[in-house]
Amino acid sequence: MSPPLLEVRDLEVAFETHRGRVKAVDGLSFRLEKGEIIALVGESGCGKSVAVRSVMKLLPERTARYEAGSITLDGKDLLGLDDKAMQKIRGREIALIFQDPMSSLNPVLTIGQQIGEAIKRHQGGNRRQIAERTIELLRRVGIPAPETRLNAYPHEFSGGMRQRVMIAMALSCNPRVILADEITTALDVTIQAQIMDLLKSLVSSTGTAVVMITHDMGIVAGAAERVYVMYAGTVVETAATADLFARPAMPYTWGLLRSIPSLERPVDEPLVPIEGLPPNIAQLDGGCRFRPRCAYRRAICGQSEPPLAPAPDGAEGHLTRCWGFDPEIGWLRDTDWKKDLGDPATMAEISAAAAKVPCGRS
Amino acid sequence: MLGYLMRRLASAAVVVVLVSVIAFIIVSVLPGDTAAALLGEEGARNAERYEALRQELGLDQPILVRYGNWVAQVVTGDLGRSLRTGEAIGPAILARAVPTVQLAIMALLISVTIAIPIGVVSAVYYRRLPDHLGTLFALTAIATPGFWFGIMLIILFSVTLRWLPPSGYLPFFQDPLGSLQLMLMPSLALATGFTGVLIRQVRSSVLEVLNEDYITTARSKGLSPTTVLFRHALRNALLPVVTLVGLQLGALFGGAATVETVFSIPGLGRLAVDSIFFRDFTMIQALMLVLALTVLTASLLTDLIYSRIDPRIRRG
């Protein structure tokens with residue numbers, strides 16, 4: 001069997017800060033096949049963005065430490081490469097699209113210059129060839145009058161158009177992998193749909209594989225073939241998208257699904273938020289990392305961390321990190337997550353603990 | 001752009017009027033007057049001669065009348081005659097401006113050429129040895145008084161090593177090399193403080209830009225660190241530096257007074273100091289007016305340059 005296109009295995013990334021070492025990614029594993037679209041899902045601070053930046057080795061060199069694990073592209077180890085070798089990978093093999101198209105384009109260079117420099121770096125060519133290729137890219141991402149827009153500056157574009165420019169830039173050297181970090185978060189809903197459709201059609205025509213980072217379950221459902229649910233720096237559940245939505249097998253995933261607004265739901269039915277904040281990964285106690293916010297928790301959850309094990313639905317590649325689904329002691333195997341919200345007494349405890357967090361989000 | 005220019009010019013006109021009023025008031029509340037200064041301590045005791053001179057110079061008239069007369073004269077382009085020497089003020093200021101302008105330009109060039117590389121290196125090696133050395137250099141420069149540094153330069157290069165002439169002035173177009181040689185130490189002395197401030201500004205500006213998202217974008221395209229620094233970071237980081245340099249031009253003209261005194265350069269600064277000693281009212285007023293116009297022109301030019309190099313303003 002040929003190696004996967006991109007594989008991250010047991011990755012651990014930590015940062016040196018004034019207050020000591022802080023782990024941002026803690027035992028993360030995922031794999032991406034050619035032409036596949038996968039999604040890493042989780043709330044803010046769960047390590048998604050650090051994970052994609054570590055694939056490109058774009059983390060600040062002075063503070064970031066790769067402590068364990070491996071990242072391989074087509075079987076080639078990336079963590080061992082020096083910066084010179086990584087420069088040949090960035091943009092050509094793996095490209096990155098950022099969350100905020102407002103701040104991720106350089107305000108003093110024209111978009112033609114910004115797309116062209118990537119082409120020049122990796123493919124070369126004279127001015128005219130580069131300009132032609134740039135115009136073709138802009139046309140493909142749906143920028144009107146690309147011949148003139150080539151010489152426009154980022155501030156002369158709307159947010160959605162800038163994100164199209166970013167996509168054109170990412171596609172410019174025909175990369176094998178695109179990392180898309182919350183690319184629709186800063187856009188309004190209709191533009192979100194346009195951008196996602198554009199990305200999907202472009203990658204299906206070029207065969208590029210995509211790792212999407214998002215906290216939006218709606219986007220996951222519409223685009224990804226496989227989902228990795230991340231919590232506190234590691235994967236807590238993974239499955240093919242259809243399996244995950246049909247039979248989620250982890251209380252954190254249930255929480256994410258319950259907090260999606262839906263048009264079909266009665267308007268007076270409240271959304272159910274996940275109480276509390278993600279834990280500080282520097283202070284994990286060895287138990288399940290979601291336990292402090294889990295309304296289904298039992299004594300065993302505090303004793304040891306559950307392994308990433310096959311979920312009870314038996315679907316291929318559906319894994320969950322929860323004692324409640326253990327084949328022998330699991331107590332959540334037959335729970336209907338839409339009706340049973342967990343033990344009321346435990347829920348009250350969690351709410352009380354969340355209220356005490358001084359800077360808790362509202 | 002034209003509307004913007006008109007608004008800027010209108011506000012500049014208001015500033016000029018205010019400066020002229022303030023100049024008039026300050027000069028007239030100074031103890032003593034030109035007549036007393038001209039006659040000397042002994043002569044001023046002779047009330048008759050003193051009054052006669054005051055009348056001759058027009059100092060016996062009320063301040064409002066004098067201001068009115070002065071304004072009426074200035075708007076025709078005539079800055080009047082020096083009370084002290086009787087020479088026409090316009091040509092006198094023009095002649096003395098030449099050395100000062102040369103001094104200020106040289107000091108500015110020295111500051112910029114020293115400060116930008118040091119500031120950039122400091123930012124790139126943030127909190128490592130080069131940064132600490134750069135910061136030490138910057139703070140030392142800020143804390144060193146220009147006139148003292150000038151004297152130290154004279155002692156080292158003129159007295160001990162005998163490499164450079166200690167003082168004096170040669171017009172640039174008469175003997176360019178000799179003029180540059182003579183002006184080197186004065187412009188170094190004038191540049192010290194500003195160089196320090198500029199290093200700090202460049203450093204913090206580059207640090208800020210290096211944390212921007214578009215720098216990560218540039219790196220994610222596989223560009224080399226040098227390309228990222230020079231093509232993507234520097235152009236953005238130097239925008240606030242342009243503003244600082246423009247605003248500093250006025251301060252350099254002011255600071256030139258002490259340096260010109262130390263190095264015996266017949267510039268505007270020395271002229272201003274001498275005029276104040278002699279209560280040369282007409283000259284002081286004219287000088288303040290010229291200085292205000294210089295500062296205003298410099299800041300207007302800065303804004304125009306800024307809008308040329310920042311596309312968000314140029315095509316906003």
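Keep in mind that glycine also has a Cβ here, set from the backbone N, Cα and C atoms.
Per TrEMBL, transmembrane segment is recorded for B:12-30, B:103-126, B:133-159, B:179-199, B:237-263, B:283-306. According to TrEMBL, the feature domain 'ABC transmembrane type-1' maps to B:97-302.
Ranked by the number of CB pairs under 8 Å to the transmembrane segment (B:103-126), the listed stretches B:12-30, B:133-159, B:179-199, B:237-263, B:283-306 are led by B:179-199. The listed stretches are B:12-30, B:133-159, B:179-199, B:237-263; of these, B:237-263 has the most Cβ pairs under 8 Å to the transmembrane segment (B:283-306). Only residues 6 or more beyond the boundaries of the transmembrane segment (B:179-199), in the same chain, are considered here, and those with a CB under 8 A from a CB of the stretch are 99, 102-104, 106-108, 110-112, 114-116, 118-119, 122, 134-135, 137-144, 146-147, 149-150, 153-154, 157-158, 164-165, 167-172, 241, 244-245, 248, 251-252, 255-256, 259-260, 262-263, 265. If you look at the transmembrane segment (B:133-159), the same-chain residues 6 or more away from its ends with a CB under 8 A from one of its CBs are 118-119, 121-122, 165-167, 185-186, 188-190, 192-193, 195-197, 199-200, 203, 255, 258-259, 261-263.
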